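According to TrEMBL, the features are:
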- His35: active site, proton donor (ACT_SITE)
- 28-35, 145-148, Val174, 182-185: ATP binding site (BINDING)
- Gln59, Gln151: (R)-pantoate binding site (BINDING)
- Gln59: beta-alanine binding site (BINDING)
Amino acid sequence: MTPRVLTTTEEVREALAGPGRVGLVPTMGYLHDGHAALIRQARAACDVVVVSVFVNPRQFGVNEDLGRYPRDLDRDLAVAGAAGADLLFHPEVTTMYPDGYATTVTVSGVSGPPEGHARPGHFDGVSTVVLKLLNIVQPERAYFGEKDWQQLAVVRRMVRDLNVPVRVVGVPTVRAASGLALSSRNSYLTPEQQERAVVLSRALWAVQEAAAAGERDTARLVQAGLEVLARDPEVRPDYLTVVDSDMRERERVENDPMTRVLVAARMFGVRLIDNVPLWAEERWTGGEDA
Ligand code: AMP
């Protein structure tokens, strides 16, 4: 079924006036199978599933891709409907930030390096819009992808710190058969360029392999990943790091399941991010040799 499109907060309130557990899946649209996984998980646990589609200007830096970010509401309705969404909240920028809007939510610490350092102000924009969406929809559960690992950590911190009555659910990253993490921004790349971009995944797997082989020194683990990235001259690494659950890089890694390998790099003028757990029961073995 095609979800009903809502554009105002009043419409959302009316549509959700009845009983039942509400699940929210916040997105910036141009939906793909990664978003669909979040929606399906919400569908399985909730009575009413709301997907928000809002390209939030406040989480883009001045020289970033806000102007060209892909948008296609018909496609979003088809993907969201097929995955089981009931409602699609698609507000105008002026609905979210009317004249005189003056409030920003800042989460300290966990919104710093690596991603918050590379994109100053980005997580202020994210936490502000997510809190607004949570207040508008008032869901019992909200679904976020592990693809944006640090974003998930920032949202969890905000929800805890501000006593937001919602359960945050993290959903594992959905990948193409090649291993490339699905992303709306992959649409900026040709199929051949997307194949080349698998080098990011290979770098992450190389770090996992080094850890599995016994390496505990963070600098050497990072080096193992950077060596893979260096093999493709098209890659302009932004960062590759191994962090704990508070996004801190320590000298030596612990045997903690929350330890994560994060990478960000530019390829073909497009900024891509990805991450994997350092300790993975099943490491990706597809694709070429790392
Ligand atoms: P975006 O539209 O890129 O802002 O993403 C909306 C939500 O979908 C975020 O919680 C993302 O982490 C999540 N997401 C994006 N790509 C993927 C993916 N490949 N696998 C799982 N979740 C994803």
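Every residue gets a Cβ built from N, Cα and C, even glycine.
TrEMBL labels come from automatic prediction, so no person has curated them.
On the structure: features taken from TrEMBL.
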residue	record	Cβ neighbours (10 Å)
Met28	ATP binding site	19
Leu31	ATP binding site	27
Gly34	ATP binding site	21
His35	active site, proton donor	29
Gln59	(R)-pantoate binding site	21
Glu146	ATP binding site	18
Gln151	(R)-pantoate binding site	22
Val174	ATP binding site	18
Ser184	ATP binding site	19
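Screening the binding-site residues Met28, Leu31, Gly34, Gln59 for a C-beta under 6 A from any atom of ligand 1 leaves Met28, Gly34. Here the CA atom of Gln59 ((R)-pantoate binding site) lies 18 Å from the CA atom of Leu31 (ATP binding site). Candidates Gln59, Glu146, Gln151, Val174 (binding-site residues) were compared with the residue listed as 'active site, proton donor'; those inside 10 Å Cα-Cα are Val174. DSSP gives Val174 (ATP binding site) a coil state; it is part of no helix or strand. Secondary structure from DSSP puts Gln151 ((R)-pantoate binding site) in a helix.
When the binding-site residues Met28, Gly34, Glu146, Ser184 are ranked by how far their Cα is from the Cα of Gln59 ((R)-pantoate binding site), Met28 comes first. In this structure the alpha carbons, written CA, of Gly34 (ATP binding site) and Gln151 ((R)-pantoate binding site) are 15 Å apart. Here the Cα atom of Met28 (ATP binding site) is found 14 Å from that of Gln151 ((R)-pantoate binding site).
Rounded to a whole number, the distance between the Cα atoms of Gln151 ((R)-pantoate binding site) and Ser184 (ATP binding site) is 16 Å.
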